[in-house]
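Structure first, commentary second.
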Amino acid sequence: MAQGLIEVERKFVPGPSTEERLQELGGTLEHRVTFRDSYYDTPELSLMRADYWLRQREGSGWELKCPGAAGVSGPHTEYTELTAEPSIVAQLCEVLGAEVPGAGGVAAVLGPLGLQLVASFVTKRSAWKLVLSGADGEERLLRVDLDTADFGYAVGEVEALVHKEAEVPAALEKIHHLSSLLGVLEQGRAPAKLIVYLQRFRPQDYQRLLEVYGSKEKP
């Protein structure tokens, strides 16, 4: 699999004072934006059940989230993000046991791979960034996204992007530290927008994922 950045993240339920608290901590509001996300999978959810998440974001193109290191525990997740279409196509074919086509982007292989639209919704996002210093004095940029989906669900996410697995523990330390400063419960975990969408509007698909992940929320 072509290597991409490793995304380490933790989702949480934002409160009415979350943005104010981010300002107090020295955070900077980068932008407010509205976009549509569309997720694709097979009718059996072969990708999601294997912890792969294929998304097309309006204005940003395709992204495939691939599972990170095994054994990562706690109220956070770790994924490798692929955004180059040839890498995405190659990984999709590997997961689904298909031959890699000679040419064509993601859209061209949706039909041959049996991938169809599973969910589509609009999100309003406030994107923040801030720098935290760790116990070792090293500074790390963290991003905080505060999202409200068009079906009425609000969720926040603290995220760090790293280049190699060895950097993950330090990123987790910063994420946990910022989460505590924001008043997030230590073991609290908010479900992703997609999971809530499936639970509300495609309950049979939601049950398929529960069979695999139990009470653990993905992605």
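Numbers run from 1 along the shown chain.
Each Cβ is built from the backbone N, Cα and C atoms, and glycine gets one as well.
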Recorded substrate site member, picked from E94, E157, that accompanies K11, R55, R57, K65, R125, K193 in Swiss-Prot: E157
Mg(2+) binding, same site as E7, E9, E157, E159 - Swiss-Prot member from D37, D145: D145
Neighbouring binding-site residues, C-alpha within 10 angstroms of R125 (substrate binding site) - of E7, E9, E157, E159: none
K193 (substrate binding site) CB neighbourhood, other CB atoms within 10 A: 24
Binding-site residues clustered about E7 (Mg(2+) binding site) [Cα within 10 Å; pool: R55, R57, K193]: none
